[in-house]
Amino acid sequence: MVTHASHAQNLRVYRLQLLAVSGSVLMDITLKLIDIAFFLFLLICLLLDVFKERRKQGDKQFLKSEFGQQLTVFSKITVTLNFIISISYLGFCFYEIWKDGTPSLESVFSVMTWTLASLVTIYSLCKTSRRHRTWPFELILWWFFSSIRNLLLVSVYILSLCRSIEISNFLPEANIIDFGSLPLSILLCFNALPNNSAHKHNTTTQPLLQKELEEKEKHRDAFSDAGIWSQLTFRWMNPLFKKGRCEKIELEHIPSIPESETADEASALLEQSLRKQKTETILLPNAIFHSIWRPLAINAVFAGVNTIASYVGPLLITSFVDFLSRKDDKSWYNGMVLALIFFLAKTAESLSQRLWYFGARRLGIRVKAALMVLIYKKSLSIKYGSMSNGKIINFLNVDVEKIGDFCWYFHGIWLLPVQVICALVILYKNLGAAPSLAALFTTIIVMISNTPLANKQERLHTKIMEAKDSRIKATSETLKSMRVLKLHSWESNFLKKLLKLREVERDWLRKYLYTCSAVAFLFWASPTVVSVVTFGVCIMLRTPLTSGTVLSALATFRILQEPIYNLPELISMLAQTKVSVDRLENFIVEEDQKRLIHCNNFDTPDVAIEIEAGEYAWENKDAKIPAVKITEKIRIMRGHKVAICGSVGSGKTSFLCSILREIPRISGSGILTYGSKAFVPQSAWIQTGTIRENILFGKEMNQTFYEGVVEGCALNHDINMWADGDLTMVGERGLNLSGGQKQRVQMARAIYSNSDIFLLDDPFSAVDAHTGAHMFNKCLMQLLQNKTVIYVTHQLEFLDASDLVLVMKDGRIIQSGKYKDLIAMPDGELIRQISAHSKSLDQVNAPKMCIGLAKKKHGSSQIEVTEDKIEDLTDSNRVAGRTRHEETETGRVKWHVYSTFITSAYKGALVPFILMCQVLFQGLQMASNYWMAWGTEEGRVTRGHLIGIFSLLSGGSSFFILGRAVLLSTIALKTSQHLFLQMITSIFRAPLSFFDTTPSSRILNRSSTDQSVVDTDIPYRLAGLVFALIQLFSIVVLMSKVAWPIFYIFIVVIAISTWYQTYYITTARELARMVPNQQAPILHHFSESILGSATIRCFNQEDRFSKKNLNLIDNYSRVAFYNSGTMEWLCVRINFLFNLVFFLLLIILVNLPRSAIDPSLAGLAATYGLNLNVLQAWVIWNLCNVENKMISVERILQFTKITPEAPLVLDDCRPETDWPFNGKVEIENLHVQYRPTLPIVLKGITCTFPGEKKIGVVGRTGSGKSTLIQALFRVVEPSDGRIMIDEIDISKIGLQDLRSRLSIIPQDPVLFQGTMRTNVDPLQEHSDQDIWKVMNQKRPFLVIIC
């Protein structure tokens, strides 16, 4: 009876326990289902609301500025609490993985639901205004449910501790996160309550902000208008892709950039940071950091998330392989959870990487824009000496680019130790302490071994930059002097000088590329070295190894490869960036010269200029001989005309520059001016644009005054002759205008400015006597009647009309006074100059009849200008108009561009060997990994055999990598040099018309930027694409071997990826072409502004030119910004597809029967699948970049196909060495036209020029004088007839034989950088005695300073 009662009691207790357990399980399942339901509920509500808002407003959900300005304290607390709880559950999930190998489903859905709740919170803040801000009902419901759930779990747990109640009888056990999140979730519930005070406050302030918000609405851009989902997936790029799909993308199709990336905003922040520095020495890196620290911090968050997510795979791969190794098929739940975590981690890694990379490019665009503006302002303010165009081009193309690119590498400084620590933690978990320490020490040794190579790279890069500086500087100087070089037949000699400079650059480039080969070898060999050492230690210490731990370690070593490689690359990048920063810092911190202050002194209303005693010198303050020395005070009254005369070199121009403060003052009080100034330099500076733009020069059009100025400067006849009138385009530096026309245009520019003071530096020297007299009477005596004018002149007949004459000699004013008083001094300097002038005129035996005819025509109204250049401006202006915008290719980069590039080095013979090295490397690497995973099973191989074979296979793969790197560097060197020689030779053989219509900046852009890309970028990107494709193909084969259905999934995904690629490339290609095309106008504007900086400063036009510079930089930034966005748009979509493939592979492996799976091979496939998205992104990245970068090759090849001039030498028809013997020129029925479609300029000229005679050619403007001269030099070939010189037809001999026997004195003087000797004898063909003899004949008292 007792036994029966006892049995009944036990049965009752068992039933109660069973009921409690089933109730606990039921409650646990219920809570999990509620979590899943809330996740789906939040997700569906969010998606529905997003689609609803997008249908209603398009993509304009909120302004970015509103998000930062309208957050209340409660809103910030709400967002922060959601993220804290999400991160807490995420950390607990990782803890469970660390402890048990797999997380609980409850933890996974808690992370997902709280993360989604955080996103809903941010979305709600962005969507609603502060005035009507209420949290979504579903979000509030989740907060209250979480609070009640946590409160219940925590309460039951505490009661169970106090009363010894079993938790399993009621609810699941509360964990530490439940305790921590309880007060936070309760606080969220309080924040969900409406805030009336905020509402009242907002209703008061909202009307005040309405106008500001409406103003901002007008300047919104596609990126700033985008919502969270649009920015996350780059959907804001869709309208541009649609436009590019339908038609060719032009600049006007591209939306504006965010305000933070505009040149004005970026430069303002940088200048503000520079001003805030309290130290005397300006630190440019600190200023750049302080100007971008906020977006840099946001970008750091994405970089950190990407790094952490990338290590989730290696952490979980052990658990997944162990799962596959189990014999029971009932635990598929754990496998599905692992697969889901893999997928979520890879998705987070992909999205964060895309946002990180795009953010880095945005920062680069902002930094480059700010530095360009800073350099331009500095260049425009340099007064004492001109800035080298070659140096400025390298500043923009190299240094600014390098600093901007460093934003990409910046986060590597702190990510590197984080990556190493994460890797060591995983290794410690799988292998233990000793192998982890061995891996750490090996990693450190490999990094240290890379350091000398990185230092060598730094030194070599500095040498390359110096050599490139010299080459670009020489190229710039040569291009600007090409007319003189061609006419003197010096181009071949100057080409040899350029090739010598290129050879120096190439020597440094060779050493640099082979050093890069060594670095690449260490990069690919580092995982091998670390893995061999680590597994060797494991075998020595008999550490247990399984397939899971081995594959996890191998995956970790592969990720550890990045910080190993990044350290030397980071050091190298730091060194290169430091070189560029130092160069810019030295340029920026140079002492700014004080600008001329325009004073309005009311105490002296009649004084225009006060000149105090002082000395001025061009070179430096220690110069012994000043260029100008003023010994006594001079006061120039308003409305006076002051003439300055003196012999050549007496200091007249320097005196004008001292008034402009363009020459350093070494002593004295300086010069004061009262009023605005206008300056006409002796060497004309003409801006690229129309004639009207050059005359107006930023002023408003006053038609009556404008017509008077044009008539006064004798331009009306020229304007009437030109097809487009004053809207005729002027080429670079006014190449299609004669010297007289350029001088009259800049004279008109000065007069139209209507300034108070006019400084004219010999404005009548480039025009004939009739035009000079007309301009003097009309301009100085009428238009400038009431203005203060200081004019330099050698025409002594213009002195009589002046109020004051200053006579200069050796930099001093030795005579001053009225003209009548000075000529009354028989021993004065002015009389001596007049006497010398008369004697020189008497030496010219002019026929009396010609003199009489000149006197008769002196009073007529005919105006004649001495021309020395092409005068058929109808043709030249049409050419200039057509070539103002650079012509570019359209559509895909043609295959012949690729084939030309690949076969440029040894006709492509080395390419198969490189491909073979890559295939063998990939095969040996996969074989070594599989061997290690397979051999760890008990009894298969001995430990010594295991590590020996692994070392042999890994060493073989490293050997092939070394061969691949060396061969690739060899090909890169040969290819770049071949293309450079083709381009530079073609340019030097081009006709002069090519240089007249092609801006030098366009040529320099190819010679600097494009050539640099070919030197160090394209070969490695093209090879990287092929190598990545081989790797991707090998992974596809491996995955298909493990799970054959994945092969068909790959086919579908690749087809979709190909469609995306095709859709993408039409827009991306045009944007990539536009990037260098938008950069060329910036370089041209820089070059043009530097040449005319004195004129720009004198006319107070700095602001207008700076504004134009800002617009040009914004155009460039706009193209670069959306060009960066296109690649991220593509990568986001294809990354997701390949992550999905990896997820499906894991699902297939989880559901396959265990008997059908080789765990080692399946684990190897999963391990390589971890890198699938990275590898795919690398393929897409290189695929897109290769075509974009190949545009540089395309642009270089464009300049290898320039139609050349006639041959330089014809071996079968060469004149004798002493030809021409007499100089007799016979012209027979000469017809010349510039193009077959244009009218004939010279119409059947037949005449003979006797030998050893001086022939004068006269005629009206456009009559063909310059065309005749060009025909003699064969600049223009005759369409009919011929020219004979000493019985030899010049069209039958080579250009070098012809031009080297003729000589010409060009109207525009050209000097080369160097010594006086190299300018007198550029080809170094004469002795010093011969040179001194010539110079003494020209001027016996010439002083040479060596």
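Glycine too: its Cβ is placed from the backbone N, Cα and C atoms.
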Which range of 71-95, 896-920 is transmembrane segment, per TrEMBL:
71-95
Can you check which of 536-559, 776-799, 944-967 TrEMBL lists as transmembrane segment?
944-967
Ranking 512-533, 1018-1039, 1161-1181 by the number of C-beta pairs under 8 Å to the transmembrane segment (296-320), which range is first?
1161-1181
With contact taken as 3 or more Cβ pairs under 8 angstroms (pairs 6 or more apart in sequence), are the transmembrane segment (1161-1181) and the transmembrane segment (107-125) in contact?
no
Between the transmembrane segment (107-125) and the stretches 71-95, 332-352, 1018-1039, 1134-1152, work out which stretch tops the count of Cβ pairs under 8 Å.
71-95
Cβ-based contact of the transmembrane segment (1134-1152) with the transmembrane segment (332-352), 3 or more pairs under 8 Å:
yes
Between 0 and 100, where does the mean pLDDT of the domain 'ABC transporter' (609-835) sit?
85
